[in-house]
Structure formats: structure tokens, C-alpha cells
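See structure below.
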Amino acid sequence: MQVEYIVFIVLILTIDSHAVIAIKQVKVDGDILIGGLFPVHEAGRHGEECGVLKPDQGVQRLQAISDDSHALKQTFVFIKAMLTSGDEIVCPDGGRPIMGNQSVALVIGAASSQVSVMVASMLQLLKVPQVSYSSTGAELSEKSRFQYFSRVVPPDDLQADTLARLVKRLNWTYVHAIAVTGSYGERGMDSFRAAADVEGICIDGSRMRNTNKARGVVMFVDEDNLRRILYNLDYIIQRNSTFVASDSWGTKRSVPSGYEAITKGAITVAPDRNQTPGYNEYFLNLSPGDNVFLQEYWEYLNCSVQNANFRECFKQRRLKFNQEAYVSSVVTAIKLVANALHKYILKFCGGFDNFGDCEVSKIGFNGTILQSYYRNVSLSNKPKDPPVIDANGDGLGRYGIYQLDSKGVYQKVGFCHAGKPMNLDIKRIRKITQSRGGMPKSVCSLPCGRNRYKEYNQDQRCCWTCIPCDPATSIVINETKCVECPAIEVPNQFYNACKPIKPEVFEFNSLWVLIPSSFSVLGILATSFVIAVFMRYSQTPVVKASGRELCYCMLFGIGLCYCVTFILLSKPTPNICALSRIIIGLSMSVVYAAILTKTNRLSRVFSPKSAARPGCIVPRAQIAICAAIVSVQVVGSLIWLVWEPPGITIQQPTRTTAVLTCKATAAHLVASLLYNMLLIIACTIYAFKTRKIPENFNETRLIGFTMYSTSILWLSFGPIYFATQNNFKIQITSLSMAVSLSGTVALCCFFAPKVYIVIWQPDKNVRTRQSAVGRLVNQQMRFISQITAPATANETSLLTATENYSTPQVTQFSSDPEVTSTSSIQASQASRSPATIKTAILSTSNNGSIVNEPIGLPKSQIPLIPYGYNDVSKDSGPHHNDYEIEMMLKELAANSDVTFL
């Protein structure tokens, strides 16, 4: 039994708006008639019935079906049937039509979706099944219209989804789209638009010449129109555009032929299929005389070899034979139909030998039953193997992804199965595209940078304008709006979430800590050195004359001043905060309380207002006074701690910074420092008051230098501290340096001269009785004796007075309270006098009378005249009694505890 194939070559020509159908056929005798529709020629143009021959798409597919018919002859015997014309169809009872002649059992084809729609509409009336090998139009999935249509390729809605996913993987969001008019192009593009919308891809609606943003071009164009479009789109390559084409382009060599420069790098999608084994050998053994189409193909190749096959022709023309992409689809369709016919005959005829007597041979095949034998059935009939056609008559969504390299060869770069993730080799795509300058960016707007949100255009969600947010306080939510962080939070590094502000503290490896700490360490070492010198030379005159107890108090306070730095720069804790409240004020109050006690004692000792001995000048009394002054600061600090317990808090000097600091108000700190400011002012006043005491007591000069420098220091610190409220590093560092410098000023101005004398000038650090005060006592005694005895002559009196007050001045008198007795205090009070003194001097004039004349003292002796004798008459001063003066000076001279330097 033979199977008969009738091949319809359907060409639709548009001439004067009328459809003309020209039919050519190749008929192979057999028992079952199967129709096949193959586009051997392109559509004719300018009045021609047939256009250019399609050597691959038409001839190879046609021979594929013929090749498989020979394989079927070896399997079973077929019945011959003939598709009759419509006027020979009889429907006696209005049911299934009865053919007057043998009919076509099934039709294989067509290639294009547009042709398949028209053929399927006709076959729907005849209930003749149709299996297409390449029609992918989404419209053909509407089974209410095309109940008997099936295909071994997936529909375009799956292909459109694959294309959209492919564009997404290429990081394109804005593309051009080209579709051909008709079922394939329009329906396919509609499906692509829907899939692209899901993937967030926009299609540029403007003309391609008017924009260069969309560099990707998605194409749903049938095979015949592809080359015409490529001919008119050669300017696209100038903009580095890349084609992404559907299966109508697929892996066909004829499409890019002649347009390699434009199509290089194009990415195409085609149903996943393999090469049909043995087909190449079969085709090359064919000769041009086998059918009329092979003769045309022979002429198309311009072969001149006589009585030879196509192998010799290709060899003569030096051409390489390549199997067309859809040959395997044609073979798969034929195998499915053959298996279905085989099962149908076995069931309804009981075997192939009984087919001639079977009713099927007379009334034909039932299309509904026949298609059930190839739908949802695998070729291997194994349960685990997937079917070729699903229950709806569509092929499974399995696609291969290909890219044209620079040589025009399709390279497989990925695959995609419906419902599964796409497998795409992006690196290989980029490598192939590298010759064209790399994969182009096909976007309407570039991604916004960090801390910018998108303001979308009204009609396009792929086009936007990037608007900056405040980088210090705001984050971007969903790339669509700015949101300000809460007050204690700032944006993270990606500006997509808020994070708490990390409180700042001093880092011990920063210059803000290293410089003050180094300065304080040197200060502590210097203070320790001075203490060691004072302890080593504690019995020397200079050290004893300095008032050792108060000096040690000052050195202790100076050491605390240097320790303040380490407390202020430490990480705040409740204990650190409590300690800082106490030690800042205590350190300075100890220093200035000792200085105030010293200057107050000197002021009282040399006060001209009273001749009585001043009180509280012994060492114990001086220490008590100093402690009382310091206790005011201590009590105030303790009250502050009780009133406002120490703690830590986070402050925000600016919106974006936070500082971990002690919980205390600036007013309390100012109050604490204010007491020390009062001490500084008091010390400065006393230093100024005692600036003119005898040169022997020049310790007041050192105290004056100390207080003047300290005043200047704190006057400079105040503006710096209060002007840097927003910079805690400058504020705290300046405070610690101000306290340390206060101690340094006292150390350098007060103690450095004494240490210098003790160590480097020991010859000045000695005790002597023949000092200025000693000589003052002797002179006063001689002076008193002279004014109580009569003078023999005026010249003698004047000579005696002149001799008694011509002694040169000597410096430095001890002020050590240890060695100061009542006589020494009185001597101290007597150490300062005006330039002249009025007393009764016996002098003989020309007439022999005694007159009162002022006796001038040498300028060198001015500081040695005691208080109380400044322009005082014999009856106006507190020491008008000569006996009292004599007793005071004798007591001062006889006191062995007085130290003279």
C-alpha cells in the first residue's frame, strides 16, 4: 500500500486589490492522501505568479516530507485518498460530510501563520486535521475557531514571553518594536507588549530616526518581509543598534545573507530543535529530475553538470550544504501523523491488510479522533518523555537563543523552557558583540545615582528625571520619593534606609587627644621635677623663704590641672562625669587659693594703715585659709552633684552628628568656673597692690606675672569655648588646654625662677646677716642716738647724718613665715618709707639758734625707711615715741630667727 502526498504551493498575490491563487503541486501516488503546504517561492511581484525560489525554506522542507514517505512505505501499506472539490461533498443527513472521491486525510502546513489561518478556516468546515511545522501565530490557539489545527512549534504568546525575558536579561528597558501587518506580526507584537509590561519594558512609540535612546529593535516580521525591512533599515547600524528577532528569522541563513554588516550581533529566538540525522546525505543524493522544484533549484544554483546529483553540484559550485532550521519540524510532524494513522487503522480496521474493506477507506478519517492520536503524545511513547503537542494542539515552549557572529554563523548562547528560568550566556553575547563596540544600552533614562529619586514622565514609566534628595537627612523609598529620617537617625550608605547616628567620642589615636595628652604628660613630669627639687632643697633659704606649705599646695593643684585633660578626653560615663565636675574647679581653686593666701599675707604685712601685728600669718593659719577657700569650691561641686546627678546623654550639635557627653548644663559649668575666675581676679588685684613692696620681697613680682598671664589666658579661652558650641572636639580640647596652660603659667612664672636659683645659681641661695635690713637696724640705732645727744657744730651734725644714710642698698629679704617673729614683722613694716623724714636736728646758725630742718636721705635708702614716718611730725604718727622706735628696732636686730639674704 502506498501513501500519496499532494503538495499545494499557495501563493497570495495582490494585483489591483484582487486575490489570485496560483496552484502547483507535486503528487506522489499512494493509498492515503496527505496534503502539504510549503512556500517554495516568494510571493510574486509586478504581476508574476511566483517570485524568487526559496532554496532552503521551500525545497528542503518539501524533500523532507518526501523522504519520510519512503520510510513509511517500509512500515505499512496505505490507502489512496483524494481531496475532492466542494461540489462533490454530500451531507445527506446534515451530519458528517461524505466525499464523492477519496479525500485528504490530513494537511501538513502551512509555514506562515497568515496562510495557516486561511487554510485552517477552510479545513474547519471539512473537519480535516492540520499540523503546522512553523506557524506560531497566537491567533491559531483559539480553538473555537481552529478546532482541527495543531502545530509542533510553540505559539507566539510563549515566544513573546521569551523575547521579553531575553530583553530583560540584556538589561534593556526601552526598545523599538517592528511588526508586520497580519496575524503573525500584530498578534505577536500584542503578546510581546503584554509580556514586556510585566517585565517593566517600554516600547518607544516615536520614529526610529527621531531618537537614539532605544538601541534594541524587537522584530515580529515574517520571512519574506524581513529582507525588505533590512534593506531599508541599514541606517540603524550607524547607531549601534541590535536586532532581537522572533522565530521567523530564527536560524535561517537566507535572512542575513547580503546584510551581514547590519545583522552582525543580532539575537534570534527559534524553537529548540536538533539536526535530522541522515537528511543531508539523502538530499545530496537527489537529482534535478526527481521533481520540478528540484529542477528549479538546480537552475537556481547554476549547476551545469549533466546527469549528476546535488553532491556534485555543490562540489562544483564550492558550496556547503546546510540543513534548514525547520526540516526537523517537518520530519517531527510527519512522524506524529504516521503514528496517529497507524493507531487509527489498527483500532478501526483491525490491521493494515483489512484497510481496503474497512469503512475508513470509504468515508475517510474522523478528524476529531485522528488528532487525538497525536495530541499530548510523545514520539517514543514513553511516559516520562514530554509530548510534542499538548492537549490544546500547541507545541511545547522550548526555545533556543542564537546570535550571529562576525562570520554570519549562528552561535547558540542560551535556551529557555516555558515556566523555567532562562539560561543565557551573557559573557558569550558580549564577546560576540565586542567587535561592534560592545552591547548597546537600550534605555530611556539612565539609573539614578544614590540619593536620587525618579520623577516619571506621564506616559512612560521607563523615562524619568532624577531628582536629588538631601544627602544628610533623607532616604529614597522605592526610587520614587524622598523621606526624611527621624531626628536621631541619618541615611545609610545606600540611602535606602535610616540608621541611628553613632555618637562621637574622642579617639585616642586622633590629634585631638594626642596633642593635649602629650602636653599634660610633659606638665606632670615638670611638676614632679619641681616637687623633687623642693623636697631635696627644702632647708635652703630660697625654698624656706618661698613658704613651702603653700608652694606644695600650688604644685598639687598644678598636677590636678594636668590630670583634667585625661578625664575630659575619656569616654563619658557617670563616674567620669562626676569626677570631671569636681576636678575641673578643684584643680584651679587649689592653685589660686594658695596664691591668694600668699598675696593677702604680703598685703597685710606691708599695710601702712595699722602698726599692729597682722594675724594668721603663721604656716598653719595660711594652710587653713587656703583650705577654707578651696572648700567653697568643693561644697559647691557636691551640691551640684546632688542637685543634678551625673549621667550621660546624646546631644546633636548639628542635624547629622551626635555627641556622647555628660549630662550637665552649660550654666553649671560656668558657675563652677566663675568661682575660679573670682579667685583669679582677687589674686590679680592683690598682685597689683603689692607691686611696690621692697625689692627684697620680689616674690610678689612673680605672682603678678603669673596672674597677669592667667587673666589673659582665660580672657582668650572664653570666646573660643562659647563660640564652638557645635564642635565638641574644639570645645573640650580648648577647655582641657586652658586648664593645663593655667597650671603651666603658674609653674613657669612662679616656680621656674626659684628652681633656676636653687640648681644653677647656688651662690645666691645663702643666709647672710649683713643684708639691707641688718644695715637698716644699725643705721636706725645710730640715727636715734644722734637725735638724743647735742651736736657741737652744725657741720658735725650734717656729716654724721650723711654718713649714717650713705650705706648702699642690698636686695632680698626673707618672707618665710617659719622664720618670721614679732620683731621681723615690725621690721617688715619699717622697711618702707618716704623719701624724706622730718626730725629735730641740732644745728647752729649764725645767731646760734636751733632750727628744725628736714634731713634728706639718699635715694638708695628710700625703701629702708619704715612705714609711719612719711611726713609725720613728732606728735602725729603712731611711732612718735622715740623709746618705742628704739625698742622695736632692737628687738628686730636681736631676733636670731630672722633670715637675711
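In case you wondered, yes, glycine gets a Cβ from its N, Cα and C as well.
What TrEMBL says about a protein is an automatic prediction, not a curated fact.
Within the listed segments 292-315, 700-723, TrEMBL records transmembrane segment for the stretch 700-723. Using the rule of three or more Cβ pairs under 8 Å, pairs at least 6 apart in sequence, the transmembrane segment (550-570) is in contact with the transmembrane segment (617-643). Counting Cβ pairs under 8 Å that are 6 or more residues apart, the transmembrane segment (735-759) and the transmembrane segment (576-596) reach 3 or more and are in contact. Listed by sequence, the residues of this chain that lie at least six past the ends of the transmembrane segment (617-643) yet keep a Cβ under 8 A from its Cβ atoms are 547, 549-550, 553, 578, 581-582, 585-586, 589-590, 593-594, 596-598, 600-601, 604-605, 668, 671-672, 675-676, 679, 817-818, 820, 825. With a cut-off of 8 Å between Cβ atoms, the residues of this chain six or more beyond the transmembrane segment (576-596) that come close are 550-551, 553-554, 556-558, 560-561, 563-564, 567-568, 570, 626-627, 629-630, 632-634, 636-638, 640-641, 646-648, 662-664, 668-669, 672-673, 675-676, 679-680, 682-683, 686, 703, 706-707, 735, 739, 742-743, 746, 750.
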